[in-house]
Amino acid sequence: MDSVLIAVMAYDRFVAICHPLHYATIVSLRVCVLLVGGPWVFSCFVSLIHTLLMARLVFCGTNELPHYFCDLTPLLRLSCTDTSVNQIFVLFVAGMVIATPLVCILASYARIIVAIVKVPSAGGRKKAFSTCSSHLSVVALFYGTTIGVYLCPSSVRTAVKEKASAVMYTAVTPMLNPFIYSLRNRDLNGALRKLVSKKIGSSS
């Protein structure tokens, strides 16, 4: 769901920068409801299939999961039955909900960059780039870690790396979102400058 919502935000940036005069028409209330509700419905459907596929497995031996939540990949390792169907579905869904939105994001930003380059004033280009910088930071954090967890070969993955990556995309990235998206807020920037200057003054 997060992956698709990040792609939706890229589409929103694309429309706002490339078609500013038609923004209210293109991104109508009905479209917003579809773009936000669609990922929720889709993620619930995918989760239901994962749950049904997991219910057919048999777990024997230790039930201790070397993870901080019941993620699919470490959970499948505990099964003593054939998990090939589950693993194929994990790869299929990962490719669909990670790779496809990422391609859409890259395509949106390619169009955005072309549109920004055509802006005659340097101030206009700077303002357009600044509106995208916060979203690009979230894209890098989120996709960098999820690709490492779900699309990298199992031979290069370890339990420690999986846990670290999972913490990044399930906890750290959501916690950083309010801060990242507020970086362009003048009040926040002023408060950060005051805080830094106080720290420097106290240390000296």
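For all residues, glycine too, the Cβ spot is worked out from N, Cα and C.
Positions annotated as domain 'G-protein coupled receptors family 1 profile' by TrEMBL: 1-181.
TrEMBL lists 21-49 (among others) with the feature transmembrane segment.
Beyond the ends of the transmembrane segment (88-116), by six or more residues, the same chain brings 3-4, 6-7, 10-11, 13-14, 17-18, 42, 46, 49-50, 53, 72-73, 76, 125, 128-129, 132, 136, 139, 143, 146-147, 150-151 to within a C-beta distance below 8 angstroms of the stretch. Positions annotated as transmembrane segment by TrEMBL: 88-116 (among others).
For 128-151 (among others), the entry in TrEMBL reads transmembrane segment. Sequence-distant neighbours of the transmembrane segment (128-151) (same chain, 6+ residues past either end, Cβ-Cβ under 8 Å): 2-3, 6, 9-10, 13, 16-17, 71, 73, 90-91, 94-95, 98-99, 102, 105, 109, 112, 115-116, 119, 157, 161-162, 165-166, 168-169, 172-173, 176-177, 180-181, 183-184.
Taking the domain 'G-protein coupled receptors family 1 profile' (1-181) as a whole, pLDDT averages 80 in the prediction.
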